[in-house]
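Engineer: I am attaching a structure below and will ask some questions about it afterwards.
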């Protein structure tokens, strides 16, 4: 499909995996109009991140709140209601069926897109077995993707390696957000299952999450432009 620069900007989510708000603000300023979507995880959420979320939204940026919620249904539902009021665009929760259903009900009427986390991209088969799961990462991701669709979730988070197969499971309407994206010729970091930007989009990803290759670059803006160019390449 033909994708223009603008929609690629909407599809690139920069992970603000930095120690404090000051560094996050610096990065957002550096990246300027090139980036319209940011991911905020635990690290920033617990260091003044909620105010920062509001600042980003006021600056007309979209926020992907990566909280990977998992608790009793009622507790998750109340959290989702409050997060929806913030004006956040995406929120992650672990893809457990009853939790997802409760969250979907709580987010009704808001613009919040709920994403089910299938399997963490840092986990391989041995890790899953150690954690007490019998399934392979692929099998578990399939099961959870199916359950996310049945619960009425907005999308799923999965490794780009499973994206093509999972896209068939969830259909074309749901978001498929893939972390573990590394531009051509870069280091894997701590993710065991990684893929290049264009390849991930061609595999069915709707959004790419990129953190380390941008935030650790000598020039984050140049790195971002390179990734956007890789995303557009071959459209």
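Easy rule for this one: first residue shown is 1, then count along the chain.
Just so it is clear, glycine is given a Cβ too, placed from its N, Cα and C backbone atoms.
Bear in mind that the values here come from a model prediction, so they are computed numbers and not experimental data.
Copied straight from Swiss-Prot:
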type: BINDING; residues: 17, 39, 66-75, 121, 182, 191, 212; note: substrate binding site
type: ACT_SITE; residues: 68; note: active site, proton donor
Engineer: Any same-chain residues 6+ apart from residue 68 (substrate binding site) with CB under 8 Å of its CB? Would you list them in sequence order, or say none?
Structural biologist: 92, 93, 94, 117
Engineer: Counting other CB atoms within 10 A of each CB, which of the binding-site residues 70, 72 comes out lowest?
Structural biologist: 72
Engineer: Three-state secondary structure of residue 68 (substrate binding site) from DSSP?
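Structural biologist: Assignment for residue 68 (substrate binding site) reads strand.
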Engineer: By a simple count, how many Cβ atoms lie within 10 Å of the Cβ of residue 17 (substrate binding site), its own Cβ left out?
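Structural biologist: The answer is 20.
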Engineer: Does DSSP give residue 74 (substrate binding site) helix, strand or coil?
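Structural biologist: DSSP call for residue 74 (substrate binding site): helix.
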Engineer: Report, as a single number, how many Cβ atoms besides its own are within 10 Å of the Cβ of residue 66 (substrate binding site).
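Structural biologist: Excluding its own Cβ, the number within 10 Å is 25.
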